[in-house]
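Engineer: Quick one: the structure is below, and I'll ask about it shortly.
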């Protein structure tokens, strides 16, 4: 019984010693992150889709901050993200990537042909924003509100039952330009 207590004490002391060494090393050799990169990374949508040409949002944020990369390459974030980054960096807003985009491309969303889906879950594993729901050997479906149209779920599908389709433009999904709607202000008199 005495040997067990000695072993427990020895392991505890070793754990305490290594913990203290790791704690000291983490403070002594800490790497300070660039606060601008952190702020840009917080603005980006974290979809990790790779449409900007970088493997994720963090490398794109580093490229913007350190290498002077264009701020208009985030397709899922669109114009709203580009404007926030421009405001943060005090630079001029740029047209969305595509040099001189005249027409904004239609928003694409993944659609699964559920009759051909075998429930392999490869699309679920590939989706960076968890927009696909389903279970093993069960039908899968896409939550269109979450889908960024990044196309990463199409190639892994063994039955090729996933396709990207444009989102139908409805009054709910249409981008309203409220500044072009004529509004007449009618003065109201208050009577006491």
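Glycine is no exception: its Cβ is also placed from the backbone N, Cα and C atoms.
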Engineer: According to Swiss-Prot, 49, 52, 57 bind [4Fe-4S] cluster 1; so which of 74, 117 is the extra one listed there?
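Structural biologist: [4Fe-4S] cluster 1 site check in Swiss-Prot: besides 49, 52, 57, the record includes 74 out of 74, 117.
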Engineer: Which of 120, 127 shares the [4Fe-4S] cluster 3 site with 147, 150, 153 per Swiss-Prot?
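Structural biologist: Record source Swiss-Prot; matching candidate: 127.
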Engineer: Do me a favour and check the Cα-Cα span between residue 157 ([4Fe-4S] cluster 2 binding site) and residue 127 ([4Fe-4S] cluster 3 binding site); whole Å is fine.
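Structural biologist: Between the Cα atoms of residue 157 ([4Fe-4S] cluster 2 binding site) and residue 127 ([4Fe-4S] cluster 3 binding site), the distance comes to 12 Å.
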Engineer: Give me the DSSP three-state residue breakdown of the domain '4Fe-4S ferredoxin-type 1' (108-137), ordered helix, strand, coil.
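Structural biologist: Helix, strand, coil within the domain '4Fe-4S ferredoxin-type 1' (108-137): 5 helix, 7 strand, 18 coil.
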Engineer: Determine which residues of this chain, when 49, 52, 57, 74 are set aside, have a Cβ within 8 Å of the centroid of the [4Fe-4S] cluster 1 site's Cβ atoms, and list them as they appear in the sequence.
Structural biologist: 44, 45, 47, 48, 50, 51, 54, 56, 60, 73, 75, 76, 77
Engineer: State the non-local partners of the domain '4Fe-4S ferredoxin-type 1' (108-137) in its own chain: residues 6+ outside its ends, Cβ under 8 Å from one of its Cβ atoms.
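Structural biologist: Sequence-remote neighbours of the domain '4Fe-4S ferredoxin-type 1' (108-137) are 47-49, 143-144, 146-167.
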Engineer: Of 52, 57, 153, which is closest to residue 123 ([4Fe-4S] cluster 2 binding site) if I measure between C-alpha atoms? They're all binding-site residues.
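Structural biologist: With Cα distances computed to residue 123 ([4Fe-4S] cluster 2 binding site), the winner among 52, 57, 153 is 153.
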